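Below: one structure, written as structure tokens.
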Amino acid sequence: MPTLKNPHPHFELHTTCGSRNETNTNDSFVTTIKKDSTLDAGQEKTLKEKFSEIIPYKVQELQALKKEYGNRVISEVSVEQVLGGMRGINSILWDGSLLDPIKGIELKGYTIPEIKQYFPKETNSEEPLPEALFWLFLTGEIPTKSEAKLLSKELSRRASVPDYVIEILNRLPKTLHPMVQLSIAVAALDSQSKFNQAYSQGVSKTNYWIYTYEDVLDLLAMLPILAAKIYANTFKDGQLGAFDPDADYAKNFATLLGYDNNDFIELMRLYLTIHADHEGGNVSAHTTHLVGSTLTSPYLAFSAALDGLSGPLHGGANQEVLEWLLNLKEKLNGDYSEETIEAHLWDTLNSGRVIPGYGHAVLRRTDPRYLTQREFASKHFPDYDLFRLVSAVYNVAPAVLTKHGKSKNPWPNVDAHSGVLLQYYGLTEVSFYTVLFGVSRAFGVLSQLIIDRAIGAPIERPKSLTTQRLKEIIQDVPKVKSRM
């Protein structure tokens, strides 16, 4: 591939209105993003400014790939994959993360331990700032602490939810699942979409990303408030906790939920970071990409993603794990010996059930996200009864699953531990756990949506097959109409 040169050494970008090919500088939606010449000496560039400089390189890179290697085959599709949920088919461009079977998830090339080590942190904190991940996803660079704080303040500035959305949440029954409430609230924000307004006024395709970026930052800023309001309405007295415009994202989320414990704030920083992205093929990520490819607003794309995340096979897995652990704890009555736990694990497997939180389609080692949560628990509450149980299961389950022989990966994943951490700090409402997952996952899926708009990603439209056509491809069979 040829070396790519910056086609715009003094890159300057203007939005356009009216015709999608003509600039209308009289429109109120005009935005200008300039390079260093717009900045005062020593003034740091915003994330938006940095990302705008990267776009030409990225577009040129992808154009070169398509031109020179457009016909190169990168994957073959088997019948098993077609019938097995398209698992393992290489078909989605997703720059935020890549899952390595041994090292686990790599976020823009950084492993979870590396992110813990190198990411900016608050003073007297040992956990990374999750907003720094958003910066990394868009620029490929770990931000400095001052850059991360700049983004924190930008999100705080935007943290205001329209009254009508709060009113909608107040009118929803408490019996409605928190994830359904969050999906409704996010979808209701569609009327606030700057992308929708710009699109209706004829903004140039090359500038779709600008308004997508604006919507995404607004949505990220509002998510902690929406989630906390749902928590307060459903489980508490309806009143939100404190919000500090000078605090970081995770701290404000924790205090909005009503928690001012420094260790819980640390947990939120860790939790939001390690759940932020996990490639583009999982349901919530793929849904954001798919729905977003229609040029709907980020609000509707993410609302759809939340619907997918709410399923028990996706974001609901940690709730299932915790319920299984609590049931096991009651049965064991304090006896966490390896022999006793092994017997109960075999009872679970022999009854046709799985051990929740163990196994993964790709990973072939213990999930690093599990290990970093285990490390957190070991430091902050090593004697907590439920943590002792999780540790005891961890010591026994891999060997049992290996002997059972039906699991390619007998090691725990991220869901095997997260609920225990939340339980310790008193957040015991398990139906709310997926909401926390959703707030975290927004950083990954919405940053990719901005990238999709910046590179002009097309609408997604794979080809489907009937069962009969699948048979015809495999072998020469009579063309008899299927009854199903």
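Every residue, even glycine, has its Cβ placed from backbone N, Cα and C.
It should be emphasised that the depicted structure is a prediction, and the values quoted were computed from it without experimental measurement.
These features come from TrEMBL:
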{"type": "ACT_SITE", "residues": "HIS314", "note": "active site"}
{"type": "ACT_SITE", "residues": "HIS360", "note": "active site"}
{"type": "ACT_SITE", "residues": "ASP415", "note": "active site"}
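Annotated features, which come from TrEMBL, shown on the structure.
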residue	record	Cβ within 10 Å
HIS314	active site	17
HIS360	active site	22
ASP415	active site	25
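DSSP assigns HIS360 (active site) to coil, not to a helix or a strand. The DSSP secondary structure for HIS314 (active site) is coil. According to its DSSP assignment, ASP415 (active site) is helical. HIS314 (active site) sits 10 Å from ASP415 (active site), taking the C-alpha atoms as the reference points. In this structure, the C-alpha atom of ASP415 (active site) lies 11 angstrom from that of HIS360 (active site).
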